[in-house]
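These features come from TrEMBL:
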- GLU80: active site (ACT_SITE)
- CYS143: active site (ACT_SITE)
- HIS167: active site (ACT_SITE)
Amino acid sequence: MSKKILVTGFDPFGGEPVNPAFEAVRLLPDEIAGATVVTLEIPTAFTRGAQVVEEAIERERPDWVLCVGQAGGRSAITVEKVAINLAEASIPDNDGEQPFDTPLRADGDTAYFATLPVKAMVKNINDHGIPAFMSYTAGTYVCNAIMYNVLYLLDRRFPGVKGGFIHVPYAVEQGVGKANGTPVMEVASMAKALEFAIEAVATAEDDATEIMGETH
């Protein structure tokens, strides 16, 4: 039986006309490196987003879960290493929720590390000519919340499933009207980067060993 990966992307938020996360996710093929790919658009909402993903995990029973979100201002694909047990929103989510200095899970760990091979994913994306980095902060908005909630659920309820998160930059069309120099990327390039990341997930027996740390 082939393995399965659930890949989620958020709907638009913050007044943006599109969310490049799901625009890239929807371009993925049905199979990558022998793994069946199941895609899902999820709401940019602290509470409802986690519920939708939990239901999808129960329904699909994937081997891996990869969530994708927009990080406007970043210039490259960033594969997240860690999610923290904190919600603090500078703007309301799509349901009007705007938590302040609030734990995501009262009974959860302070943080959870991604259980996908983060370094191997970064390396495979870079090896195919698309800039990618490992990131040590997924923020405190819904992206971090969904990554944290997924890893919490996998730890507590689905221990055989591995999970992680990727941030993508603004899409090219989102650069219109923004400050000169705002980094953008073609959605097609984002989709290829996701393919290469999933290829690494499906084929890597161990994570890569390159040093990818930062000094600040």
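Glycine is treated like the rest: Cβ placed from N, Cα and C.
Heads up, TrEMBL stuff is auto-annotated, nobody curated it.
Locations of recorded TrEMBL features on the structure.
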{"residue": "GLU80", "record": "active site", "Cβ within 10 Å": "25"}
{"residue": "CYS143", "record": "active site", "Cβ within 10 Å": "24"}
{"residue": "HIS167", "record": "active site", "Cβ within 10 Å": "24"}
Hey, how far is CYS143 (active site) from GLU80 (active site), Cα to Cα, in Å?
10
GLU80 (active site) versus HIS167 (active site) - Cα distance in angstrom:
7
Through the lens of DSSP with three states only, how would you label CYS143 (active site)?
helix
